[in-house]
Every structure is written in structure tokens, then in C-alpha cells.
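Asks: The structure's right below; bear with me while I get my questions together.
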Amino acid sequence: MNKGIMRPGHVQLRVLDMSKALEHYVELLGLIEMDRDDQGRVYLKAWTEVDKFSVVLRERDEPGMDFMGFKVVDEDALRQLERDLTAYGCAVEQLPAGELNSCGRRVRFQAPSGHHFELYADKEYTGKWGVNEVNPEAWPRDLKGMAAVRFDHCLLYGDELPATYDLFTKVLGFYLAEQVLDENGTRVAQFLSLSTKAHDVAFIHHPEKGRLHHVSFHLETWEDVLRAADLISMTDTSIDIGPTRHGLTHGKTIYFFDPSGNRSEVFCGGNYSYPDHKPVTWLAKDLGKAIFYHDRVLNERFMTVLT
């Protein structure tokens, strides 16, 4: 049941060196720098996104994800979700408007998986970058690198998947689009959606809490993914796997690392889903094909390198 959460809105990442990180996220991925704040954070967006930012970079000594944020339809829905989280037993933290530049107040909570999430209703509307709102051209001609279309999702590793599933489905209004079941029928991976996408956030069982597997950005075509692979080679960027196709979600994809070790994905295509669809199910014994549909063999680095 929809509770008023519309979409993934932003992610804040820790990076070791800001100038090197910007080479990755701006020059290679093609995000646009929109702002900086007095904490030294840098605010980025993809060109089709209408709000001011979707990625925030913060320079620290350890890489990883600080939090992921979801945009809520309005302040009334935000207040109701805050009440629902509190009634469910979640400790919520209030962050005032302006703590993130150009963003309204945020309600932050920690999932049983150990990850921090936040909800907000207001962010400065800047429109799509480089095109007019009336009679817009197909795309801006001065995009850089891979010309990422949008911030799409995060895949996260942590424990307590059943409790995390209950929180996201019962309180926040997500639904289960795809899953992986082990030989006992226990869900070891859950792909949760707010929309018609195969996932807006996904969780994989892992004994450590609060780990980041990757942040993903959408491209339009398979040719764009192949071009991304060319750019990865041209820039001598550390590659993880791909180009290939997933069995899970059926997305066509490539994975690579930022200079701090955070994993990035760019992808195109993939399954669509609706809340009345039965979840797409893969079996853990076939996980090689579920993740790497062509090779059908697991890559240890893909499974174990986390931030």
C-alpha cells in the first residue's frame, strides 16, 4: 500500500579525496555539480532530475554510505510516516531544513539492517539540467562522460532482512518485486520497489550491518552501457564486472569503483513490476546465473568487496 513515498531522492557518500571523487562522479559518470556547503560537502545531480541534487559527497577517512533519502509527496504524508515509524518502534531523528542545502526538514531512522535512511518532502526544484521546460531538446549537448540519466537505487548488505522487510513494506509502503530464496525457503535477497521499477532499494543478507554494495545510475541504452565500458578503459578506472546482464532484474549493466573504493553501477533496461505482480524468484543454488546471466559463475570480488 502506497504511503506517499515517491522515489529515491538522494544518497550521501563518504569519499577519501574530494578532487579525485569529482573526477569520477562528474567527469566520468557525468553528474553535474550544483552546490557546495560550509561543511565541504559537494552536491551533484544527473541531468534529467528535477530537484537540485541527488548525490552528496563528504570527505572522510573511510568510504561508504552515510544515508539514503526518499522523497515524500507532501508534508502531511511526511508527518504521518513519522508517526508510523515512531509507533512501529523506530527511533527517529529530526534534521532541520537547510542542514542539507536547499532541502527541507528530514526524518531520519535506522533500519534493522544497520543502514540509515531519511524521508523529506521539500527540495529546491531546479528542473532538468540544460534543457528548457517548454519545447525541450532531446538532451543537453555539453554533458560529460557517461551522461548518467538519474540516480536509480542502492544495493545494501546487512543482517535482519525479515525485520527490514517488515519495516519497508508495512510502514513505508514498499512492495517485494524480486527475491532470492535459499534451500530452506529463507529470503536472502530482497528487491523492494515504490514504483514500476524492479527495485528502488535492495538488501542482501550479510553478517555485518550497514554495508554498501553499490550506488546505481540509469542510462538509456545498451550502447550507452558499452560506451561507459569504453570510458572506464580510457580512464583506467578500476572495473568490477561487465558489461553483462543480470538474471535478477534482467538489467544490462557494468560495475566499477570510485577512487575511494565505493562501487558504482550504470545500467539500462530491466524488468518492470506492479504491486499486484508475484515477486520474481531466483534460487540461491542458481545465484551465479541470477547475478551474471551470461557467465553463470559468481565473482568473489562482486560478492565480498563492500564499503
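Note: Cβ is positioned from N, Cα and C throughout, glycine not excepted.
Not measured: the values here are computed from a predicted model.
Swiss-Prot lists H153, H214, E265 with the feature Fe cation binding site. Among the features that Swiss-Prot reports, domain 'VOC 1' is placed at 7-122. The domain 'VOC 2' annotation in Swiss-Prot covers 150-269 and rests on sequence analysis.
For each listed feature, how buried is it and what is near it?
Replies: Within its own chain, H214 (Fe cation binding site) has C154, L155, Y255, N262, R263, S264, E265 as residues 6 or more apart in sequence whose C-beta sits under 8 angstroms from its own.
DSSP assignment over the domain 'VOC 1' (7-122) gives 25 helix, 48 strand, 43 coil.
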Asks: H153, E265: which of these binding-site residues has the sparsest Cβ neighbourhood within 10 Å?
Replies: E265
Asks: Around the Fe cation site recorded as H153, H214, E265, what other same-chain residues have a C-beta within 8 angstroms of the site's C-beta center?
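Replies: Near the Fe cation site, beyond H153, H214, E265, sit D152, C154, L155, H213, V215, S216, F217, Y255, R263, S264, F267.
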Asks: By the DSSP assignment reduced to helix, strand and coil, which category contains H214 (Fe cation binding site)?
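Replies: Once the DSSP labels are grouped into three classes, H214 (Fe cation binding site) ends up as strand.
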Asks: In DSSP terms, helix, strand or coil for E265 (Fe cation binding site)?
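Replies: Note: E265 (Fe cation binding site) is in a strand by DSSP.
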